[in-house]
Amino acid sequence: MALTDSERANNSQDPSTLSNPDVFRCTHLQLDCAVSFETKTISGVATYDVERVSSAQSDEDKVFFDAKELIINGVKVNGKETAHTLSAVPGMDPEVFGLRLSITLPRSSLGTSKVSISYSTTPRSSAIQWLPPSQTLGKLRPYLFTQCQAIHARTLLPCQDAPAVKITYKANVTVSAWATCLMSALSKGSTTTSSGKTIWTWDQPVPTSTYLIALCVGDLSSRDISKRCRVWAEPGIVDAVAYEFAETEEFLKTAEELTIPYMWGRYDVVCLPPSFPYGGMENPCLTFVTPTLLAGDRSLADVVAHEIAHSWTGNLVTNSTWEHFWLNEGWTTWLQRKIMAKMKDDDKFFDFDAIGGWKHLTDDVALLPDNFSRLVPIIDGCDPDEAFSGVPYEKGFNLLVDLERRVGSPAFGQYAKTYLGTFKYVTVTSTEFRTHFMNYFKGHKNLKDFDWEGWFHKPGLCPTPTFDRTLSQGSEDLAAAWLSYDEGKGEVPKVDTKGWNTNQRTCFLDAMLVALEKADRKLQKGTTVSMDRAYGYSKVKNSEILHRYSLLCINAEDDTNLKTILKFVTTQGRMKFVRPLYRALYKSKMGRSAAIKTFKENADFYHPIAAKMVAADMGMGEGGEGEDEGARKAAADVAEFFVDNKMAIAAVGIAAAVGIYLTRRKK
Ligand SMILES: CC/C=C\C/C=C\C[C@@H](O)/C=C/C=C/C=C\[C@@H](O)CCCC(=O)O
Ligand SMILES: [Zn+2]
């Protein structure tokens, strides 16, 4: 079971913060800062409105902030210089959680205090990826973007880095004249300084958790795609981005029909350089997306539907702590599938996508230790990045589908609106959701023995759901035919897949991967070669298809495609793709040394979070844990490489890798 608050090392209801929002709580941020690409730092002043919430604590005069990889230059309270301390909290590893910034407030301050912290980030700040011009499309200008979820905001600015702390914010960000600065907020325009810099002004009037503060600076162009939607990207791809995400307004309207009015004013999308480690990130007013969605045919745009769904489930109604992350992701996955099915006017699409989600869940559960495969994971003392998996998405989704089937879809749809209306602007725990749901459906005959405890706390898979297979059947049949051909039974399957859409193709490849995994079976090399001859998958532009085909090739030890696979993992850094591919290569005969060499040569390319996780996945740094000599040597090589190259962040990743790998390893 999870620890009680008094057992927690940080004495907080949230195991991932060193701040004390139960005593003093920030309500508003005024950020005035400047970006320097030369020193790879952001420096300035963060001024918070801080309210006393309770005085029933021993530290009632001190407000605590999270601060990691930051330099604190000074503090003022209500305009007066004030002392501060920065210290580690016993039991809370500073490499994961950072330091506690403690500031004493005057005893007389009963209402709101203004706390101004003058600070600078450091090049180690894990929220920020600083890209050299060579990692941009234009090759002329540097670029930066942030990724604060889950607990990286504390490396961007001192803050109470807990989802339960919702603040409004305003920002003035000074950048070079050539650069555009975007934030997760509404634009209030830009001005030019006497020294020729530009100050970009932003305002987020909706209370927002700190993990949703986001910044992106680069050579950017934009295209309006509707009155409230605009896409941003480097000039060379902005038209392709506008084409790919042209359905955004329709996603948004459909989502509004399923929920309550959109509260954030604008919905813009910025397509980032390829090292962005996720498919998308739901930063309010400005979703961040990976360019791996640019398939050219809008077939991967459902990620935008997912990020749009977060405007309600996640950004408006937010998980109280990262233990309840499934309330963000499970609800969002449910809403995303509802949006897509409604737009296609066919509920079968909901089930079709859910079938793919079930594979994601089974894959991840097989890799996770028990504390992380629970819907409400135990994450005390852990880096939330380590616990991240498909579980909150897909187990969370399946819990909601189980509830929906028990009460009926129309009633559940009405409930969803009530849930959003009740918890908007605040945060919610799993127990609060359960209580709210059970009160709403009080006495419902189908909920009498509902196993909430099992759903929330049992490790491993949840009960296997049944979904309509009308849309997946053709793909599953084709997979069976290829597997049978692989066993020497019959000819190359003759099914004409020319008219198939991306989902049918990925479903076909998934069905093959599932069957192979289940039977612990290897394909013949000739099978993937024949598949390529039939479908040309090795040349495909679609990242979801190339990813799955690459996994099949590695399974088959088909080295004719090794070059393509290595190119794929070095030209984009989305963890959904690079982590499984590096893992598979590392486990294969054909790819083990290539995986190590390629990762070493390209470590600079990856985002700090991705570099950390890939290093962990390949077991780097666990020498002495009984792995074979080759693995130990590879780990030593990579660690040495990082030290030689003074890659501080990645070196920390290697250190973390030991812990992560040992934790994740199945007993
Ligand atoms: C149960 C885990 C507890 C907390 C984890 C919370 C955040 C983890 C952190 O690693 C950040 C995740 C950010 C995800 C952003 C977008 C995803 O929806 C992308 C999914 C994968 C993809 O499509 O590339
Ligand atoms: Zn999400």
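Backbone N, Cα and C define each Cβ position, glycine as well.
Because the structure is a prediction, the values reported are computed rather than measured.
Noted in TrEMBL for the protein shown:
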- GLU307: active site, proton acceptor (ACT_SITE)
- TYR393: active site, proton donor (ACT_SITE)
- GLN147, CYS148, GLN149, PRO277, TYR278, GLY279, GLY280, MET281, GLU282, ARG574, MET575, LYS576: peptide binding site (BINDING)
- HIS306, HIS310, GLU329: Zn(2+) binding site (BINDING)
- 470-618: domain 'Peptidase M1 leukotriene A4 hydrolase/aminopeptidase C-terminal' (DOMAIN)
- 647-663: transmembrane segment (TRANSMEM)
Query raised in the report: Under DSSP, the domain 'Peptidase M1 leukotriene A4 hydrolase/aminopeptidase C-terminal' (470-618) has how many residues in helix, strand and coil?
Result: 109 helix, 0 strand, 40 coil
Report task. Please report the number of other Cβ atoms within 10 Å of the Cβ of the residue listed as 'active site, proton acceptor'. Result -> 26
Report summary line: Whole-number mean pLDDT, the domain 'Peptidase M1 leukotriene A4 hydrolase/aminopeptidase C-terminal' (470-618), equals 97
Query raised in the report: Whole-number Å distance between the CA of HIS310 (Zn(2+) binding site) and the CA of MET575 (peptide binding site)?
Result: 20
Query - GLU329 (Zn(2+) binding site) versus recorded positions GLN149, TYR278, TYR393 - nearest by Cα - result: TYR393
Requested in this report: Could you tell me which of the recorded positions GLN149, TYR278, HIS310, GLU329, TYR393 have their C-beta within a distance under 6 angstroms of some atom of ligand 1?
Outcome: GLN149, TYR278
Report task. Using the centroid of the Cβ atoms of HIS306, HIS310, GLU329 as reference, list every other same-chain residue with Cβ within 8 Å of it (recorded Zn(2+) site), in sequence order. Result -> GLU282, GLU307, ALA309, THR313, GLY314, ASN328, TRP331, THR332, THR333, LEU335, GLN336, TYR393
Query raised in the report: Among the recorded positions GLN147, TYR278, GLU307, GLU329, MET575, which have a Cβ atom lying under 6 Å from any atom of ligand 2?
Result: GLU329
Query - Rounded Cα separation (Å) that holds between GLN147 (peptide binding site) and HIS306 (Zn(2+) binding site) - result: 17
Query raised in the report: Can you tell me how far the Cα of TYR393 (active site, proton donor) sits from the Cα of GLN149 (peptide binding site), in Å?
Result: 15
Query raised in the report: Out of the binding-site residues listed (GLN149, TYR278, GLY280, GLU282), which are within 10 Å of HIS306 (Zn(2+) binding site), Cα to Cα?
Result: GLY280, GLU282
Query raised in the report: Nearest to GLU307 (active site, proton acceptor) by Cα, among GLN149, TYR278, GLU282 (binding-site residues)?
Result: GLU282
Requested in this report: For MET575 (peptide binding site), write down the residues of its own chain that are at least 6 apart in sequence and whose Cβ falls under 8 Å from its Cβ; none is a fine answer.
Outcome: PRO277, TYR278, ILE609, ALA610, MET613, VAL614
Query raised in the report: Which residues of the same chain, at least 6 positions away in sequence, have a Cβ lying under 8 Å from the Cβ of GLU282 (peptide binding site)?
Result: LEU212, HIS306, GLU307, HIS310, SER311, GLY314, ASN315, THR332
Query raised in the report: What number of additional C-beta atoms lies within 10 angstroms of the C-beta atom of HIS310 (Zn(2+) binding site)?
Result: 25
